[in-house]
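> Let me begin by handing over the structure; questions about it come next.
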Amino acid sequence: MPPVSASKAKRDAKKAEREAKKAAAGKTIRKLGRKKEAAAEESEVDAAAREIKMMKLQQDKDGLSDRVVTGVLSSLETSRDIKLSSVSLLFHGKVLIQDSGLELNYGRRYGLLGENGCGKSTFLKALATREYPIPEHIDIYLLDEPAEPSELSALDYVVTEAQHELKRIEDLVEKTILEDGPESELLEPLYERMDSLDPDTFESRAAIILIGLGFNKKTILKKTKDMSGGWKMRVALAKALFVKPTLLLLDDPTAHLDLEACVWLEEYLKRFDRTLVLVSHSQDFLNGVCTNMIDMRAQKLTAYGGNYDSYHKTRSELETNQMKQYNKQQEEIQHIKKFIASAGTYANLVKQAKSRQKILDKMEADGLVQPVVPDKVFSFRFPQVERLPPPVLAFDDISFHYESNPSENLYEHLNFGVDMDSRIALVGPNGVGKSTLLKIMTGELTPQSGRVSRHTHVKLGVYSQHSQDQLDLTKSALEFVRDKYSNISQDFQFWRGQLGRYGLTGEGQTVQMATLSEGQRSRVVFALLALEQPNVLLLDEPTNGLDIPTIDSLADAINEFNGGVVVVSHDFRLLDKIAQDIFVVENKTATRWDGSILQYKNKLAKNVVL
């Protein structure tokens, strides 16, 4: 056999390699083909989940912001105050803020107000990502996402984040010295930050914050990957409070807290000595925490001094004066127009008419006083129902524990009842079983002993913290309700009216629900709840995401409803408006509170440890 040349040997080897790869590829393709069908459905779910995530982050498919902003820094680069002029904000082409101003002074605590869907969360995101020209030395933290799932316990998570923050500041000090020299004005606040962090006390201070937010000696050691979304939000909040950024942005921080934790957070934030911008729909909380208000209304940011009550009083006075000026000016305009019209061609009056027309033209050029645009007020309404004789819902000596923890009863020998006149508030710290009690009422959970009696015609309507999970966020509200209740009606106009009755109107009905605010999605859930025509309402944190006027409308609807109501809520003002009976859930039972909800709040405030 003649010898094979080296070049031919290489060619043969490459050919064999290609054939081997081809054969392997064929096997791979066959394997992939078998897996492809199984993975198809999963990949569609993943794609939908990613789409929803990107919409919530307000980013396009490439991860770029869907927001368009303008703003000019008017304060000094070295200042801890932030002053911006020419502030504008567009989201998906919709103007949210136009040519406005923003001033955030160090040490002040601002409440950001505005109706659902006006763009408060979008504005906070734009601030947090420095789409506005905020100096780099001002560190910013936005709380709008839970802590990441990890192997770290709640305590370790907060301490680790604090260590990262300390390292970040040390690196920034080093960078500032190299770039600006050791005399830089930026160094003093950085040294203050380092001193305030105090690594020797990391664990003890982190534990105080976590316990204040509702953790106990056991749950503080639980891994974040094993926590529910609500508890992960508390961990993220604890981290934010612990590292104390120069600019702290909190988007509805009380949404996942019980009354006790809300009181603790209110007391803590009262002492926050940096800059805070807070979105909250709890009037009581805003009154307790805020030194200033920013009203996001009519595409403008309007600043007010004082807390929410002070803002409400000042705004009412300003609007009253504005309407007086508007009416006076309109009378003057009508008088001028009437004179001009009556002047006709009379020679002696034509000159006067021209003079008055100039006055009118100047008034218009200078800008006429605009009438006050009233808030959009709509009324929640739960359909009236047939009255049922008592007992409608009764617990007789029940005891309950979860199967995963049979040695620890949540309830023992509990007696409790609900009838058509009930307006019951369940209060108490997280983990004592308030939501569990509602699930026992619905029959979702069954007690191990005792008896639960339900009237044969009772129809329970349930609103929970997880009610929004039923919504397909890739659909519009209009598409979703029509598809879900296709047996009721296929007519879009019918569903427009149904959603409109709960304050979701116009474009809010037709855009994908992932782009709606939490409050707007809540309105969809309430519209669905009303369709079921329940005669007893079980409401678990119904105010989450709702703006203050909407919460007032909800309170009115509950008071006008002729069925029974049981509410779990952290909103003291709602409970003050509706609760006739307050039951404190603790020590494995529910005990009637002899006093008002505000007296209960004062009791909690006395026990706060900071």
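Note that Cβ sites are derived from N, Cα and C of the backbone, with glycine treated the same way.
Pulled the feature table from Swiss-Prot, pasting it below:
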| type | residues | note |
| --- | --- | --- |
| BINDING | G114, E115, N116, G117, C118, G119, K120, S121 | ATP 1 binding site |
| BINDING | G428, P429, N430, G431, V432, G433, K434, S435 | ATP 2 binding site |
| DOMAIN | 82-323 | domain 'ABC transporter 1' |
| DOMAIN | 393-610 | domain 'ABC transporter 2' |
| MOD_RES | S43 | phosphoserine |
| MOD_RES | S65 | phosphoserine |
| MOD_RES | S196 | phosphoserine |
| MOD_RES | T446 | phosphothreonine |
| REGION | 1-43 | region 'Disordered' |
> How big is the Cα-to-Cα gap, in Å, between E115 (ATP 1 binding site) and K434 (ATP 2 binding site)?
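Counting only the Cα atoms, the answer is 30 Å.
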> Pick the one among the recorded positions N116, S121, S196, N430, S435 whose Cβ has the fewest other Cβ atoms within 10 Å in this structure.
S196
> Out of these binding-site residues, G114, G117, G119, P429, G433, which one has the fewest other C-beta atoms within 10 Å of its own C-beta?
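Lowest Cβ count within 10 Å among the binding-site residues (G114, G117, G119, P429, G433) is P429.
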> From the centroid of the CB atoms of G114, E115, N116, G117, C118, G119, K120, S121, the recorded ATP 1 site, which same-chain residues not already listed sit within 8 A by their CB, in sequence order?
M296, S517, G519, D547
> To see if you understand the setup: which same-chain residues, six or more apart in sequence, place their Cβ under 8 Å from that of T446 (phosphothreonine)?
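Set apart from T446 (phosphothreonine) by at least 6 residues yet with Cβ under 8 Å, we have I440, V452.
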> Would you find the one among the binding-site residues G428, G431 whose Cβ has the most company, meaning other Cβ atoms within 10 Å?
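Going through G428, G431 one by one, the largest Cβ count within 10 Å is at G428.
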> For the ATP 2 site (G428, P429, N430, G431, V432, G433, K434, S435), what does the 8 A shell look like? I mean other same-chain residues with CB within 8 A of the CB centroid.
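Output for this site, in sequence order: D258, T436, V585.
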> Please work out the number of neighbouring Cβ atoms within 10 Å of the Cβ of K434 (ATP 2 binding site), leaving out its own Cβ.
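Within a 10 Å radius of the Cβ of K434 (ATP 2 binding site) lie 23 other Cβ atoms.
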> Around S65 (phosphoserine), how many other C-beta atoms are within 10 angstroms of its C-beta?
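Here the count is 16.
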> Among all protein chains shown, how many Cβ atoms are found within 10 Å of the Cβ of C118 (ATP 1 binding site), not counting that one?
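By my count, 20.
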> Need the DSSP three-state call for K434 (ATP 2 binding site) to compare against my parser.
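Assignment for K434 (ATP 2 binding site) reads helix.
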